[in-house]
Amino acid sequence: MESPESFSTMFMKPIRHILSEKKSRKIALFLLINTAYMVVEFVAGFMSNSLGLISDACHMLFDCAALAIGLYASYISRLPANHQYNYGRGRFEVLSGYVNAVFLVLVGALIVLESIERILDPQEISTNSLLVVSVGGLLVNIVGLIFFHEEHHHAHGGSGIFLHVLADTMGSVGVVISTLLIKYKGWLVADPASSIFISILIIASVIPLLRNSAEILLQRVPRAHRQDLKEAMRNILKTKGVCSIQRLHVWSFTNSDVVATLHLLVSADSDKTDTKLQVSRLLEDAGVKDWTLQVESVNS
């Protein structure tokens, strides 16, 4: 049975953290609105047999998951390191993002396959409540654009949320247009065509997340710092007393934390302390936040 302390750690503390910050409260409010309307779209989509509306609800599901992960990660990443998690728990966001991205790519692919089947064999769609629900989804996304328009210009995290909502808005526009074409023109093919459009938006929006999170988990040298690191290595080799660089390893622990380990061979008459200081400055200038240096003297 879960203890009260465990319940507080898992749920109450993150909630208090979210409510204590204005930006987090804004994200949480939009998450609640988005989640509620996502359920409405799923129910209406299944009742009306509209694959386009179900696809839009899946896109909203992705955004809800991304918002929830971001909120929880903002709390858990601030927890101090301990004997079990020596680096802290910053990779929670990376791992969750990877799982989320894989799931959405699979969902997008399945929707495309189902859409192709419906293009070949169009099915009747009930438009009685479809237009109202699809317009409502568009209005929810417009509210999101207004919510995050300011953060779009000031913060990378806010910009990411804004772009997710913008893609959602485009998907909602597609659903509204397809609904109008079905209602007034009888073009049943508009629904699966809209679904394919939304699926492409879903996959296109998650591919960068999938690639980035996979590269972090595989400990790839971070793309954003590659040129700076090359320049830093050249400057390290020019440092007085440095003979060579051995066993260089650079990787990202999180999206923003770059880690490096370095084994330097220096001349026997060089000042190791001064060499470490100069090399540390060069690594810091290259964007490395945590590094381990091993300096070994060799005879000239």
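Including glycine, each Cβ sits where the backbone N, Cα and C put it.
On the 0 to 100 pLDDT scale, the topological domain 'Cytoplasmic' (1-26) averages 67 in this prediction. What Swiss-Prot lists as topological domain 'Cytoplasmic' is 1-26 (among others), and the listing cites sequence analysis.
The topological domain 'Cytoplasmic' annotation in Swiss-Prot covers 72-91 (among others).
Look at Swiss-Prot and you will find 113-128 (among others) tagged as topological domain 'Vacuolar'.
Here Swiss-Prot flags 150-160 (among others) as topological domain 'Cytoplasmic', drawing on sequence analysis.
According to Swiss-Prot, the feature topological domain 'Vacuolar' maps to 182-186 (among others). For the topological domain 'Vacuolar' (182-186), the list of distant contacts is 125, 127, 130-131: same-chain residues at least six beyond its ends, Cβ to Cβ under 8 Å.
Counting residue by residue with DSSP, the topological domain 'Cytoplasmic' (208-300) contains 40 helix, 30 strand, 23 coil. Taken from Swiss-Prot, the feature topological domain 'Cytoplasmic' applies to 208-300 (among others), supported by sequence analysis.
When Cβ-Cβ distances below 8 Å are used as the criterion, the transmembrane segment (27-47) is approached by residues 18-19, 53-54, 56-57, 60-61, 63-64, 67-68, 70-71, 126, 129-130, 133, 136-137, 140, 143-144, 147-148, 161 of the same chain, each at least six residues removed from its ends. According to Swiss-Prot, the feature transmembrane segment maps to 27-47 (among others), an assignment based on sequence analysis.
Residues or ranges marked as transmembrane segment in Swiss-Prot: 51-71 (among others).
According to Swiss-Prot, the transmembrane segment annotation covers 92-112 (among others), on the basis of sequence analysis. Away from its own ends, the transmembrane segment (92-112) comes close to residues 51, 54-55, 58, 62, 65-66, 69-70, 72-73, 76-77, 195-196, 198-200, 202-203, 206-207, 209-210, 212-214, 216-217, 254-255 of its chain (Cβ-Cβ under 8 Å, at least six residues beyond either end).
The transmembrane segment feature in Swiss-Prot is assigned to 129-149 (among others); the stated evidence is sequence analysis.
Per Swiss-Prot, transmembrane segment is recorded for 161-181 (among others). Residues 27, 50, 52-53, 55-56, 59-60, 62-63, 66-67, 70, 127, 130-131, 134-135, 137-138, 140-142, 144-145, 147-149, 151-152, 187, 190-191, 193-194, 197-198, 201, 204-205 of the same chain sit 6 or more residues outside the transmembrane segment (161-181) yet have a Cβ under 8 Å from a Cβ within it.
The transmembrane segment annotation in Swiss-Prot covers 187-207 (among others) and rests on sequence analysis.
Remote same-chain partners of the topological domain 'Cytoplasmic' (72-91), defined as residues 6 or more beyond its termini with a Cβ less than 8 Å from a stretch Cβ, comprise 13-14, 17-18, 24, 216-217, 253-254, 257. Within its own chain, the topological domain 'Vacuolar' (113-128) is flanked in space by residues 47-51, 55, 179, 182-183, 188-189, 191-193, 195-196, 199, which lie at least six positions past its ends and keep a Cβ under 8 Å from the stretch.
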